[in-house]
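Asks: Here's a structure for you.
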Amino acid sequence: MENRYAVHPEQVKRFTTEELRRHFHIPTLFVSGELKLYYSHEDRVVIGGVMPSAEPLKLDAGDFLRTEYFLERREIGIVNVGGQGTVTVDGEAFVLEHKDFLYIGLGHEDVQFASASGEEAKFYLVSATAHQAYPTQKAAIAELTPNHLGEASASNVRNLYQVIHANGIQSCQLMMGITQLETNNTWNTMPAHIHDRRMEVYLYLDIEEDARVFHFMGEPSETRHLVLANEEAVISPAWSIHSGSGTANYSFIWAMAGENYTFKDMDFVPMDQLR
């Protein structure tokens, strides 16, 4: 498990591109036959990728969490961004197709990931600390109704799926969903906003090999950018905007954790305040 400490915004003002990427960019999540985990001190979330090959892979706390098992004091949201796969939770199997979600609550000891025959599954996961056990629940993307947002004139027509949240799958603090931009649309989360009571992490998806997303971060008066390729993630502290524009349309999985469980608790930044 790779450790990522929190960083003060005053320090970020002086970061080079390499330093920005080292602290906030997650370049490698999916390696065949491996479980990759990153521990962020921003609200103590764990971000990870699981790509089972011939044998199943078990979610293990390792030495870093200092617990008997991974979900002893945590909850987790999982999205399959690869081929069909199965997540088995204390003996109960959940089959996840491409972009299906699964929430697993506090206290489950044995979580295993497996790929079906054919294309390997890629399980993206975000875990937050938890104080109460909520039921394990699956959400199939084909059965969800998105919110249609944006305008063609602003190049931001998109479909927002809220999955783990106060009015959907219940959790302690974790919120999670996916946003898919339509063809010829490139902007996400613009006008930008911040939410000082929650951190957020984006996983960018559906990006062609020769395309990129320019992810904007930083305080509104001190913005910076990171250039991201397909299946790369970025950590967004509570003080930072989190917006992006691609060379073509794309999707991104968003996940939030922190003090406030209200999705609409955010402060929009007027365009004339961005620098």
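Every residue, even glycine, has its Cβ placed from backbone N, Cα and C.
Here the structure is a predicted model, which means the values were calculated and not measured.
Straight out of Swiss-Prot:
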{"type": "BINDING", "residues": "His193, His195, Glu200, His242", "note": "Zn(2+) binding site"}
Asks: For a quick check of packing: other C-beta atoms within 10 Å of the C-beta of His195 (Zn(2+) binding site), how many?
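Replies: Its Cβ has 21 other Cβ atoms within 10 Å.
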Asks: List the other residues in this chain whose Cβ sits within 8 Å of the Cβ centroid of the Zn(2+) site residues His193, His195, Glu200, His242, in sequence order.
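Replies: The answer, listed by sequence position, is Thr189, Ile194, Arg198, Ser236, Ala238, Ser240, Ile241, Met256, Met266.
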Asks: If you count, for each of the binding-site residues His193, His242, the other Cβ atoms lying within 10 Å of its Cβ, which residue has the minimum?
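Replies: Across His193, His242, these binding-site residues, the one with fewest Cβ atoms within 10 Å is His193.
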Asks: Among all protein chains shown, how many Cβ atoms are found within 10 Å of the Cβ of Glu200 (Zn(2+) binding site), not counting that one?
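Replies: There are 24 such Cβ atoms around Glu200 (Zn(2+) binding site).
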Asks: Using DSSP, would you call Glu200 (Zn(2+) binding site) helix, strand or coil?
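Replies: SS state of Glu200 (Zn(2+) binding site) = strand.
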Asks: Check the DSSP secondary structure of His193 (Zn(2+) binding site), expressed as helix, strand or coil.
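Replies: The residue in question, His193 (Zn(2+) binding site), is strand (DSSP, three-state).
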